[in-house]
Structure formats: structure tokens, C-alpha cells
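J.: One structure coming up, written as C-alpha cells, with questions to follow.
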């Protein structure tokens, strides 16, 4: 079947075309015009929407003769009918069409006793295992894709061996074996497993309070105290996620790229038969998704052992530094581990390296990979300029370290600036040192400040109409006491919202009550124990999350880029409660962690939306899994606290607590010392605050450029938030982590997708899921076998990556024994900031 150029850009498969052309035959011209006007309004600034199609729609709507004399423009009218039918009855995005079914059967089993039992068991196991090994170095965890894999054979075994008995439960008859293990049951289990992975981050606060070498506040051992904080911080995120469904779940443009891979894994396991599709090398490919998954999973499982254990040089393929391993300038510029890796054309053969920030090049759109990589590369030159001019004394530190240093060029010792009670001591601070950042870390902080304003301005400029249109429906949903089918997806009439109208939606007040109860538990925890913290940290922290939830949620949903609020929460909290590290930590919990959890939960809501899982089943699955996780993690922590020498170098089983120690250092640096000493007008890093206006101004400039050059394909492919996000990739990661994604993404999205759309739709996201799952399973086995037994293979293939400056970081300048460079303040002239 012959395709137009636009249809090729959209990524039409033969099945897509047949279905769309059949539906288009029943559409009137007036209906098509109405649909296309709506499409332009919603997708005009959507970077995922095919640009050529948008221009074609403009030509259609701007041509007044089309309505007056449609027979003269039959080809254009027919083309627009097909596109309108596709948008109404499927999705304009090839990635969504490849994984998400545009049909639904409400009779398919979903909320069954089988799904609830398996999901509950996984919630217990995953929360217990992940919490227990969360303090180990290196950390061991069971990711959600492994749980999704393991749930399949368990569900099939239940289907085969459990008798179909009926039991009465709460006045209802329930069949122990409802028949074939369905995709909906499987996804409900996966959502519970994913939810239980969200360990109570409040435990990090409790750990810093409990440990004698840190704050030594033993009241934090109280189970009630930790449960109050755990319930509060874990459940507030649900309130925000549910309240923002109109903005982050219902809109079709919120595709949530990570969800596509999860659904593809689900489909691959349940669909054994596949249609033959044409592909590369002039061949027809008959292999089903299931067998393709098994093949690629097995291949990656075996291969992963080579770059990560047997031959680690394949991971750190820094061949440019091997030529002259002691040449510090070459290593600083091109080194993989301790340099910037700026110009190595192919630095790794390890797929896991490409997943370092979660942006799988097979999962996220190509423009995201390109913008992230371009932004990181350009800012690499800024890092080099700062370093080689010794700005802020950065020449004395490794260029790309994420450690904070003192003026002896040693890692900053926070214990030297606090008294015996853990409070800031100005005299000790003046007698020791201020805090210094490496060149890369300084740029990272500047980019964080830029990305926050860029994200807000981007959504205000490009999505203000959708935001305003959804405020009134959101208010109506909060006021409505009873859920109804009509509540689903206000104003969104794409096929998935229409199909979801068959199920009762969760009333908005359920989420509002969840938010209020969670806040109450937070107040109880903070006010009921001697935390010396104002109760205002809860509402102010949540307010920060509310302000940023929709902007960073929309950006995450459209691009896969996840902007975290950790730096902003530390900055604002440290300025507000300077000198009180614990209060800053609580503000950080409710500002940063709440928003991060809410984004994750919104992603799960979109998963359920795509799979047509009843919203109320999703709600209770998330609630139950989180409640289980909260209690199990705190019970496990009871055991962890009594481990002898825990969180010290003498701890057994490598329970060194790197995350807890890092959290404590950040607490002292941002809470006790405070950001004012570094970033205020008297601090040496005040210049980095220019990131705030630069992020906003760059986005405003981009907005006007897009309006002035609306037909520019390349300008439309830029994304200011993704560009700034590239700068966050530094310290401790190098450009060698990001660059290899470019050829992979180009091959997938710009070559295979364009020339072999059916092949791409069938296999691309299954490949992404299989490679990630194989790495997860192989990593777990590797940790509990050779690494646990501390079996090391010492040969050239494993030692080469650590020679010269790649083993011990080189610096531009060095200090002699006992020497130091002086602080930026002069105690003889004015006191320390």
C-alpha cells in the first residue's frame, strides 16, 4: 500500500493505514476540520507530534477553497480524513501505537484474587529485600522489571494448578482461578511491585539522627516516629498525583516514554504469535515478540558478564588515555572515569552505561537524546574554561568530581565545623575552611538553577491554554462527592479516554483526603517528638512540590526527562532554617521527595490508563502496596539498627551506608553551614545564581524564535529544558556516558522507524525492555555470587581502566604537604560569611 511522505513521517504501519482509512470513510469534512483545529491547538508546540503533519494541517485549514470546493482538493481532504481518523481512534504517536491497544474488553479479568495475592507477596518481598540491602555498598535492589518478569511464570502456574473453587469473601463470591492469566492482572501486579520500590526516604533522616557518629538523637529509634514520617512522605505523593490527572494522565500528549517499555515487556510475555513484518536487509521477520524477547534477553544476560566482570575494559574503553596515561591534560579532557570524555568517538561497549540517567536511547524520542547530549557537550567547554583559569580554585581538585573540598584540596570534613551537639560552630568553621566545588560540580549547580526556571517558563509559554482549561474541571472533580464514569478525562476525547469511560473514576476528594491525612501524620511526627522544627515545613515543602509538580510532570511525560527538586529544596530550606540541619531535611522531604514520588505515581496512573485497568483498582493497589512497604521497611530498619558497627568501615557484609553518609554530609553542608555562605552576595559562588534568569530568558528566547520561524524543523527539534538537563549529567559522569546514545537513537528513530515502521513498532521497545531486564537479573546474580565472595579477576583487561590519571585523578595544580590555598574571605578584613 503506497504511503504519502507525511504518513511515513508519522510512522504508519500497514495495519494503521487500513484501520484509519476504514474509519475515515465515515467522516464528514466538517468533522475533519473540527478535529484538526483541536489538533493544532493542543499539539502546536508538541515536539513529539510530527512536524510535517502539522504543516500539512495548517495548509488544509488555511485553504478556504477546501470547504467551498472539496472536489478540487480530494487528495488533501482524503489525507486529512485519514489523519483525523488515526488521531481519534488510535494515537498520533508511533511509539504509543506500537505498544498500546486501541481496543478494550472490560470483561478481561483484572482485580482478581490472583492479582492481589501475587502483588501483595511481591510488595512484601521487594520492600524487605530492597530496604535490607539499601545500606550496602554496592547497593543491591530488585527493580520493578525483574518483578514483572517473575510475576509471569507465577501467574501462569496459578492458572494451571490452582483449582477453580469459589469462596465467599465480604459477601461476594470469588473464584480462586478466574482463568487465563491476563495482561491486566499482570500490569496490576507490576504497579504494586513498582510502588513498593518507593522506600520511605524519611528513613534517611532517621538514620542520620540515630547514628552516634552523626546527630545521635536516639528518640528517632521510636517506631511510631518513623512510621508517622514514613506514612506522611510516602502518601502525600498520591494526593498530588491524583489531583493532577487532568494535566499529566488524561492528555494524549503525555505519553510517558518509560510506560511504553513497561507495556512492551507485558505484551511480549503474553503474545506468543506475531505477524510477519518487512525489515532490514530485505528480509521478512516472523519471530514473535515473545521469542524476540527471550533471544535478546539471553544474549544480553551472557554478554553483560564480560564488560562488568570478565573484561571491564569493554566498559571503560578510554583508549585515548591509554596512549599516554600520565598525560594529565589528555586525561582531563578525554578520560572516561576521572576526566570529561569530550572527544572519544566510541568510549564503551557496555549497554548499561547508556542507561546511566534513565534515558534509554531506544525509549525516549530522538530529540530528547540529541538535546541532552548537545547540552552536556556545550557545557563541557564551560567546565574546561573554569578549570583551566583556576576559577574558584577549581584547578586544585579533580575536574569532574562530585565531592565538596576544603582549602587543603581534601574532601570536606563536615565534622570539623559542628560542635558536639551537631550544631554549626562559627569558630571551628573559620579555623578550618569554607566549602569548595569542582569545576563540573559548580556547572551542575548552575544548571540546576537554570532548569527550574526554564521548566516553569516552558510550561507557562507553551502549555498555558491546557493548564487554564483544566483548572475548572479539576475544581469540579474535587467538589464532586461521588465518582462517575463521566468524570474520566475532561475534554480529552482520544480513544483511550473514551475506553476508560467504561470504568468508574476515582473521585478527586479521595486524593484530597489522602493529602490531608498524610500531612497530619507529618505534623504528628515533627510535633510529637523533640525535632526542634517548625510545623510550617510541611505546608511550605508541599507548596514547593505543588508549584513544580505540573511543569516537571508535563516535561517528564512528554520527554522522559525527570527534573528533581533536591537542589532547590536544599537551597530554599537551608536559607530558611540556616543552622538547623534537621529542619532543612524535613523541608527537603516534603519539597523534593513528595514531588518525586508524585511523578512516579502519575506514571503508574498512565500505565493503568493505557492498559484499561479500572482506576479504583489502581488506586487501592498503590495504597496497599505503599502501606505494606512503609511498615515492612521500618520493621527491617529495626533489625538494621542493631547490626554491630553499622554504617562504619567495620560493618559486616559491607553495610557501609554510602547513601546515609552522603545524606548526612549534605545535611550539614546545606542545613548547618547553609547555602548563604556559598551562594549569597558574600559567598564565592554567587555568580552561579545567574542560572535562574538564564534558564528563564533562554526559554523565552526559544519561544519567540519558534513563533517567528514556525516552519523550521530543526528549531522545533530543540528543547531548552532538555538542553539544560544535559548539564546535570556531569559530576561524576563524563560525556563518555552520554555520547554513545546518539548513534543508537539515530539508528532506531531516524532510520529504522522511517524505513521499516512495522519492524520498529514490533521490536524496538521489546528490545529496550529485554536489555534492561537482562542487566537487572545479571547484576543481582553477579552481586550474590562472585562479588559477595569477593572473587576478583586481575589481568590486563580489568586493570587497564585504572592506570594513570584514570586510576588516580589528576589536577591542574597541586599543594605541598601542609600547604593550602586561602579562603575567599580575609578574616583580618571582614568575618566569614
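Note that Cβ sites are derived from N, Cα and C of the backbone, with glycine treated the same way.
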J.: TrEMBL lists transmembrane segment for one of the ranges 759-784, 785-810; which is that range?
T.: 759-784
J.: Between 601-618, 619-636, I'd like to know which one TrEMBL lists as transmembrane segment.
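T.: The listed stretch tagged transmembrane segment in TrEMBL is 619-636.
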J.: Per the 3+ Cβ pairs under 8 Å rule, pairs at least 6 apart in sequence, do the transmembrane segment (717-739) and the transmembrane segment (362-388) touch?
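T.: Yes; at least 3 Cβ pairs under 8 Å.
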J.: Quickly jot the same-chain residues contacting the transmembrane segment (619-636) by Cβ under 8 Å, restricted to those at least six beyond its ends, or write none.
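T.: Distal contacts: 119-120, 123-124, 126-128, 131-132, 188, 191-193, 195-200, 203, 223, 226-227, 230-231, 234-235, 238, 242, 506, 510, 514, 601, 604.
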J.: Counting only CB pairs under 8 A, let me know which of 113-133, 223-241, 362-388, 536-569, 656-673 has the most with the transmembrane segment (247-269).
T.: 536-569
J.: Do at least three CB pairs under 8 A connect the transmembrane segment (223-241) and the transmembrane segment (536-569), leaving out pairs fewer than 6 apart in sequence?
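T.: Yes, these stretches are in contact.
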J.: For the transmembrane segment (656-673), which recorded stretch in the set 113-133, 223-241, 429-451, 581-599, 685-705 gives the largest number of Cβ pairs separated by under 8 Å?
T.: 581-599
J.: Ranking 113-133, 429-451, 581-599 by Cβ pairs under 8 Å to the transmembrane segment (685-705), which is first?
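T.: Comparing 113-133, 429-451, 581-599 against the transmembrane segment (685-705), the winner is 429-451.
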